[in-house]
């Protein structure tokens, strides 16, 4: 199985950029909540946009804060009522510390004149890394990205009220399925293509449908990222 994503034309996302720049004229920091289901390409897009926008400004004005850092740790999942289910369905909305996420968004909104820290996620160990992302005063555009950032249930919906711009990256289900199964396989999370597909259908595709059915109205719906090549026997 081989899969790539076309590098997007950054100008296709100028509406998002222009809104952020306009807001910067009147406030010190702009918070963007960029949501999309599993396999939508949101992490890829955010990295591309951050690089392009930082180059335009000539400084590191953009900082990305992924939702992945707010996974409950494996140790915390093992304290759930059903730890086996929690581990098997890790990535579902309830396996994230949404209260911690909301608290951090609120902090980033309020405090702009000193360094703050957010957690990252280390895929090698399968757990969050506390205070791994440093947000500095020069980081005036913060892009929070993740599956559940636009959910219409608290505390996710409380965080939504703090975003200056709510953006959504849609994806076709067949595309998402191919991307996520490929990711599970190449990361070593699944040993075979069949196992990767089964895990994707059991968990990620359900999460994608949940995101689509339970989100607030975004301010901007972004252009989908396109698949360049998919070569596989099963997808």
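Placement of Cβ uses the backbone N, Cα and C atoms for every residue, glycine included.
Residues or ranges marked as ATP binding site by Swiss-Prot on the basis of sequence analysis: 36, 37, 38, 39, 40, 41, 42, 43.
A map of Swiss-Prot features onto the structure.
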residue : record           : Cβ neighbours (10 Å)
36      : ATP binding site : 29
37      : ATP binding site : 24
38      : ATP binding site : 21
39      : ATP binding site : 26
40      : ATP binding site : 27
41      : ATP binding site : 22
42      : ATP binding site : 26
43      : ATP binding site : 16
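For the ATP site, the Cβ centre of 36, 37, 38, 39, 40, 41, 42, 43 serves as reference, and the other residues of the chain with Cβ at most 8 Å from it are 147, 169, 171, 176, 179. Mapped onto three states, the DSSP output places residue 36 (ATP binding site) in coil. DSSP assigns residue 43 (ATP binding site) to a helix.
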